[in-house]
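Taking it in order: structure first as structure tokens, then the write-up.
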């Protein structure tokens, strides 16, 4: 008991250190923003903050806006949003030096002088990438991740790191070190996760461009919940060197790094900058595919597949309406909409995603929590990971008639042999080829899909891991997928929600109905999907949806 008490005290000291560093960061941001206002009282901060990224970057490059004016305007706004939502974990003080050097730069990249926020799990030299784990405090990264290096070479100024849920395997945003991040549009709602700090900061206007990661919807949930745009590219389109993963080494569900911003044009500008010779020379495992302007700027009418439900997670009335209204607008604009039938999504989620990510029965994931004081809301998961195979089999059999989804989760948490893992990977490849064959049989360019929404109440994502079906499908397939906000929840949607039953009518369906409740006025997005390596076509489709 004494040893445990001493160890816990040591852990709390580390937490206190990290929290003090966070507090010092905010104090520093307040001081530098105030000093700048006092020295430059005539600078119109509101007009700077209102500029869209393409216009802002143009003004920075042509010299009509000095980089320090933009930088300190965003430092001030970021501080305000951080105070309201608790989204920033650390201010990168070296960014002030970068701003001073920016004035002397001869070669101006596409993101010259643009302040950029960075997710906690993306390495920035000299700063922790905690993933919400106490054991990662005071372990600063030895060098910048490739993405951060490319951003800097393109003239961008990474200025803050943002909050994540513990382990990243969650679409909420809370950990024991930095606490809960709130949605900037409604503080009782989650900002989504795991790039939740990014969603809150960009959604609140405290950052014009954010960089996050996605292994099941971790870019798309925060964007959709906070009313902004994001794109999850094909897994290897952008370098993941120097980016910490929630589950290291698994290959069943493709992770990706991507941008979040207020509009699609900003995402396109970011990808133009990142898909440069710098990226390909720093990481030769990334295919040297520069951004295709021809595809992005095409005006050719599109042939678009669509579906309103995946028959696994029943869409909220607002989700269904978002797809329906977007479909009608696209048809009016001259595009062809073709129904697409999804089948066996339950099998994909349980057998490919859950079983694929935790093919060792979850033991390596559980080991990450050793020595931590909190395991979030993962008590049941930990118990399942540690339970013997015979007990899991028995429980799965008993649960199947009453709670089939719970039974499937238990069954997919078994420890696999190497042969079984290889067979699973082969099966996922086959599924991907079948999906593409169905896509090509209908001669589709892109796909319009639902996106979970509106934002759930804080704490609900931990109880609703099954609701990731709309996003995680495209990690299993490794297709580029973006989200665009298209509507707000209406009183009629809220009234219709009273009849929400779900497809399984189990505890999860009843909980999801409660989680959706009370979202009037909150944004709802749609998901735009393209085939692998077709990010430019995906963005072009997103732009069309946004414009309409």
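Each Cβ is built from the backbone N, Cα and C atoms, and glycine gets one as well.
Residues or ranges marked as domain 'Amidase' in TrEMBL: 73-539. The feature active site, charge relay system is assigned by TrEMBL to 119, 194. What TrEMBL lists as substrate binding site is 168, 194, 215, 216, 217, 218. Annotation comment: TrEMBL describes 218 as active site, acyl-ester intermediate.
Feature annotations (TrEMBL) mapped to structure.
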residue	record	Cβ within 10 Å
119	active site, charge relay system	28
168	substrate binding site	25
194	substrate binding site	34
215	substrate binding site	25
216	substrate binding site	28
217	substrate binding site	31
218	substrate binding site	34
Which residues, same chain and not among 168, 194, 215, 216, 217, 218, have a CB within 8 angstroms of the centroid of the CB atoms at the recorded substrate site? 169, 170, 171, 193, 195, 213, 214, 219, 221, 246, 255
Cα-Cα separation of residue 194 (substrate binding site) and residue 119 (active site, charge relay system), in Å? 9
Could you state the whole-number distance in Å separating the C-alpha atoms of residue 119 (active site, charge relay system) and residue 216 (substrate binding site)? 16
Consider each pair of residues in 168, 194, 215, 216, 217, 218, all listed by the record as binding substrate, and report the largest Cα separation in Å as a whole number. 11
So what pLDDT does the domain 'Amidase' (73-539) average out to? 96
